[in-house]
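Notes follow once the structure below has been shown.
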Amino acid sequence: MDVVSLDKPFMYFEEIDNELDYEPESANEVAKKLPYQGQLKLLLGELFFLSKLQRHGILDGATVVYIGSAPGTHIRYLRDHFYNLGVIIKWMLIDGRHHDPILNGLRDVTLVTRFVDEEYLRSIKKQLHPSKIILISDVRSKRGGNEPSTADLLSNYALQNVMISILNPVASSLKWRCPFPDQWIKDFYIPHGNKMLQPFAPSYSAEMRLLSIYTGENMRLTRVTKSDAVNYEKKMYYLNKIVRNKVVINFDYPNQEYDYFHMYFMLRTVYCNKTFPTTKAKILFLQQSIFRFLNIPTTSTEKVSHEPIQRKISSKDSMSKNRNSKRSVRGNK
């Protein structure tokens, strides 16, 4: 792995400052994968999102409606974390598949085994009135093949728009991956929001989370065009191929790989009911508790040649620019 000095990770898509065309040989690479990596990705993103709402005074007293939540193993960690902080939240977890039994028997968690449609969304809104709703969506349709088709994605995004329109949440975190330009069908609309990047996503995933806080006005929509799709493809490939394969040498942490650096900046925003001498100590505590919960082994930085002594400095981003080749990014998890 190559080394780099960075002040901070790319937290949102708009911050990515370079692009790269796809190199076909990347499809043959053997991807590194942690146990329960998908649950880790979701847990970190949702902990960051909900902690942001907590900081803004939005979370306490809300009902989290999570559509597409199964198996939901990681949700037990989220529930326990905020419960132990004294934050009052109710959880409604909805999926056509069954949830992890670890979520059974909790008074503040309602499990619903069914898929949603417009009629059911209206019944949820009526049932929860006048509670404030926080919406999390991880809906995913695959009518064939290993990844959703563009038609699947457009159907999912239309459903997510209906969720927002009917449930009228105070905030939402939606699944978002732009269709690939070589599979383009038509322009479409998504809610306006911040496009949060995800540490520990699969190696060439182009998926992110669309985060929005609503302040009473009607939902704002953003049009997505084929030109946007080209931009998403190139920037996400640059992030995955170049940035995420770096070791951040000025990052004083047991594992200096970029995804851990990204995780560090997400976890530093999280509240704890303990005090710590340093931010690093808090984040080590949180990481260890998360990894222990998900049965993920703790690892150190690997394959760094001639590593200099760690130093707490900020330096310029030394990543190279303007690489070129051609093909679509593939990876949507």
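Each residue, glycine too, has its Cβ placed from N, Cα and C.
Record note: Swiss-Prot gives Tyr22, Arg177, Cys178, Pro179, Phe180, Asp182, Ser205, Ala206, Glu207 as mRNA-binding, and the candidate from Glu46, Glu147, Glu233 in that site is Glu233.
Asp138 is the only one of Asp7, Asp17, Asp138, Asp152 that Swiss-Prot places in the S-adenosyl-L-methionine site (with Gln39, Tyr66, Gly68, Gly72, Asp95, Arg97, Val116). In this structure, the CA atom of Val116 (S-adenosyl-L-methionine binding site) is 26 Å away from the CA atom of Phe180 (mRNA binding site).
Comparing the recorded positions Arg97, Lys175 on other C-beta atoms within 10 angstroms of each C-beta gives the minimum for Arg97. Mapped onto three states, the DSSP output places Arg97 (S-adenosyl-L-methionine binding site) in coil. The Cβ of Gln39 (S-adenosyl-L-methionine binding site) lies under 8 Å from the Cβ of Thr73, His74, Leu294, each on the same chain and at least six residues away in sequence.
According to DSSP, Lys175 (active site, for methyltransferase activity) sits within a strand segment.
On the backbone, the CA of Asp95 (S-adenosyl-L-methionine binding site) and the CA of Tyr22 (mRNA binding site) stand 35 Å apart.
Within the same chain, the residues at least 6 positions away from Tyr66 (S-adenosyl-L-methionine binding site) whose Cβ sits under 8 Å from its Cβ are Gly72, Ile75, Trp91, Met92, Leu93, Ile94, Ile136, Ser137, Asp138, listed in sequence order.
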